[in-house]
Every structure is written in C-alpha cells, then in structure tokens.
Amino acid sequence: MASLQEPWLLENGNLKVSSKETRHGKTAHNMSSSSLRKKSDLTLVSKVRCGMLRHLLTNLQEVILGTKLTVLFPAIPLAIAAECYGFGRPWVFALSLLGLTPLAERVSFLTEQIAYYTGPTVGGLLNATCGNATELIIAIFALWQHKIQVVKYSLLGSILSNLLLVLGTSLFCGGIANLGKEQKYDRRQADVNALLLLLALLCHMLPLLFRISAASVSLTEVPTLQLSRASSIIMLLAYITYIIFQLVTHRQLFEAQEESVEDGDDVLSEETPVIGFWSGIVWLVGMTAVIALLSEYVVATIEDASESWGLSVSFISIILLPIVGNAAEHAGAVIFAFKNKLDISLGVALGSATQIAMFVVPLCVIVAWILGIEMDLTFNLLETGALTLSIITTAFTLQDGTSHYLKGLALLLCYVVIGACFFLNKTPLNHGNVIDLGVKSAAGSVIAA
C-alpha cells in the first residue's frame, strides 16, 4: 500500500491523514461529482522504476482515467481540430459543449484534492469559487465579445435548470426509488438558500420595475444601470456573508451532508488525497485553460449553431448549455437522491443556483463595468417571470422538510413548460428589450388620454 502512495508522499513529505474536521472543506458539489468517479488500479504504475515517470503516470491515471466520463475527453481534441481545420461551426459548438462536461467534473475533483492540504476554510472558499467555474468562464468570454444577452441567458438557464430540472429529477427519482420510506431533509439549509434566492430575485426585479414605471425608457437607462451595479455590490457582500455563515459561524448546519455519506459509500470514504498539492494546482490551471478555450469556441459558434439547427439562441443558452455543461454534477445529485440522501441533492441544486444568482451574475456586472461594457440586471418580462415563478415554486415545494415523487414531477413539468416557451421564442439575439414596447405604448396611451 505504501508503494501506491509513494508519488504524493515524495512530493509533499509527511502527509497527515485528513480528519473529519478537514472534510468540512468539501461541498455538496464535490460529493455529487464523487458518484461519477472510479477507483484507479495503480498495480502496473507502481511497478515503474523511474520515480518521475511513475509520478506522471499516477497523475494521468487519477485525473484523466479516474472518472466515468473519460469517454468524453476525445471531444476536446476533436473540437480543437474542428476549429483549426475549418469544420462546420455547429460541429465546433457541439464538440466543445461535450468536452466541457468531463472538465467541469474534473475541476470539482481537483479542488477537493487541493482542499485536503489547505484545510477546511480555504478548501471551502476554493470550492465556493470554482463550483461554477464553467458558467463563469463562458460568461466572461461572452462579455468580452459584447454578447450580453448570451451572458444573461446562460446564467438564467443555470438557475432554472438547478431549481427545476436537477431538483425536480432528484425528488422524483428519489421518491420513486424510496416509495416505502419517508424522505426527509434539513429544512434549515433549504431556508437559507431560498432566502438568498429571493434576495437575488428582488435585485433582478427592481431595475426592471424601475424601467417599466418610467414614462420614457431613455430617462431610466442610466439610473437603471447604476441601480444594477449598486445591487450587484450588495449581492456580492451578501454572498461573502453567506460563505462566512457556511464555513465559520454556522458550520454545523452543513455538516449533515457529510455525515450522511460516511456510511456505505466507498467512493467518499477515502481519507487521503490521491495526487499532490502542486500537482493539483498544475492540473487545475491546465483544466481551467482548456475550459477557457472551449468556452471561447462555444460563445463564438453559438449563433451559427442556432441558425444551423433552427433553434433560438435563447433556447440553446437557457436549456442546452446548462444541461450539457453540468451533466456530471446533475447526474450525481440524482444518484444520491436514489440513495435517499436528499441533503446532498438539495445542496447541489440550491447551492449551485444560489452561487449563480448571488455571485456569478453580480460578478459579471462588475466585470462588465470594469471593461466599460454596460450590462445591467434587467431581463425581459418573459425571463423575469420564469425566474420569479421558479424561485417561488421551489420555495413552496421545500417548506415542510419532506419529499415525495409528486413534488419532483411538478418541478419537472414546470421546467418542460418553460423550455417549450423558449423553444417557441424566436426573438433575435440583438433584438431590443420587449419591455420597451410596453413602456412606449403605455406612454402613448397616457399622452392620448
């Protein structure tokens, strides 16, 4: 056994076995992704005599072959080749999207490995920052190309998919698989996330209401932008407070997720990292660079894919991007629901939605501000209505601390209806906000009266 651990022992010296306290840096995202990992057989690698070569092969086997999504890794070089050799743009988009799926899961794995060495607080912060790295990188590249609507659509889609698709599938599958059991979860975590989501909804709705209530859109354009930036700063401060709440002051509320998986899960029972600290850093930087490259391809080819497939950019951004990009994390949440461990499933769905709404969206507004791009928090009435009803429906669904398959089915049907709505919505990407028409018509009615 010592020979199998030799690579990281050589790199890091004396390695202490992680205690339960150290595992507090692990989030529901990591636990969810862990269900898609597989143990690596290092028998052949351990026989390699050269220490550096053995270390390299061990890292390759753990990082590249240590996931059930290894079959999707070939999509990455294929996407790069398709871009370099001028293949069809829709092919570049599809291959890039498939390549992002295993990369998102591997980033979760690498942040968990690094957290073993940094301790619970730093590890928790790292997980909180990298939990939705794919969405953040795609949003930044879209901002860089001034595709503000793509940014808004993709982030809105991530929130909707987590609240309705992931949570709905988890509750439905968990209810069907555990018909003879009463499924319970910790309401306190759900209440905290629901409260933050309602705060995010307020910050999204006020700029929209502010613009609608004005007699002229031109008079509210600058104040709406200023209100959005101020709201974004407030949301970021609230998210920082939430991180302190989760990792420091009320850590006990989030310990139930980890305690519930200590028994009976071999995947999560490992107490030692499988790669070294600096190896984890190098792999994380490399994976992030590849994610950035594929994200650039996705943003650059999304309109071509829309025209080729006959689908609107809003449907691709809101429905397809979140489903494919986070398939690994979502599948893990459903697997834990099958095992009657809803705390983890809720931690994935609600935690990810909260992070997108309270951290990624306002951060994009601030980044756009720095870049001199005018991005506000206003969505169209259709998107805002879908977001509002989704958050309210989810909050009502989780208010009693128990679950059954009908709750999950209701959330899934809500997602299907919203998906059908955006499928039929053929509004061009650069089309003006539809609320402008309503404001102008209202103003004209007032003048006529």
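Yeah, the Cβs are placed from backbone N, Cα and C, and that goes for glycine too.
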The annotated transmembrane segment range in TrEMBL, which must be one of 47-68, 113-134, 377-398: 377-398
Result, the transmembrane segment (192-210) in contact with the transmembrane segment (377-398) (3+ CB pairs under 8 Å): yes
When counting Cβ pairs under 8 Å to the transmembrane segment (192-210), the leader among 155-180, 315-338, 350-371, 405-425: 350-371
Considering the transmembrane segment (350-371), which listed stretch of 155-180, 275-295, 315-338, 405-425 counts the most C-beta pairs under 8 Å: 155-180
